[in-house]
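First up is the structure itself, then whatever we jot down about it.
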Amino acid sequence: MILSGKEIKNRLNKDIFIEPFSDNQLNPNSYNLRLHNELLVYENNVLDMKKENKAKKITIPEEGLLLEPGKLYLGRTIEHTRTEKLVPMLEGRSSVGRLGLFIHITAGFGDIGFSGFWTLEIFCVQPIRIYPNIEICQIYYHNIEGEYEKYTSGKYQNNTGVQPSLLFKDFE
């Protein structure tokens with residue numbers, strides 16, 4: 001079952017933590033998250049799953065940044081979230097998707113206990129200008145049934161910014 005917007009607000013600072021929080025970003029069954037001004041792009045055209053892939057930092061200026069199709073941009077949310085006893089899910093906003101902008105490729109699923117900023121895998125189908133601070137995606141919450149182990153030590157837990165892939169650590 002998905003929580004309503006009112007239930008998300010009722011659970012704030014209990015088992016849902018969103019910082020900063022604004023009532024203006026609350027929806028009937030989700031909460032809009034905003035795009036930070038920092039992006040990462042990989043430096044190599046060919047990426048290797050078994051190796052750390054170098055990335056360079058780009059800052060989105062207030063006047064916007066033109067994204068190129070066929071290029072992966074890693075961004076992050078302004079909001080830091082933490083979730084207990086619920087499964088957090090991330091989706092793009094339909095208004096953003098209708099412009100041909102994807103905000104996650106496969107990683108829209110969070111773990112119970114995840115704490116950090118959400119890294120966004122941003123990809124566009126045609127050139128598009130993006131801006132910092134826009135409400136780019138939404139988080140929503142599912143109840144979980146049965147016993148579970150809390151997520152506390154994953155490689156992306158307690159991140160402090162945009163996270164490139166750390167898949168290479170699985171091979172160590």
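Glycine too: its Cβ is placed from the backbone N, Cα and C atoms.
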Which one of D111, D170 goes with R93, S94, S95, V96, G97, R98, T119, L120, E121, Q138, Y151 at the dCTP site, as Swiss-Prot has it?
D111
DSSP three-state assignment for L120 (dCTP binding site):
strand
Sort out for me which one of S95, Q138 has the most neighbouring CB atoms within 10 A, since those are the binding-site residues we care about.
Q138
In sequence order, which residues at least six apart in the same chain have a CB under 8 Å from the CB of G97 (dCTP binding site)?
none
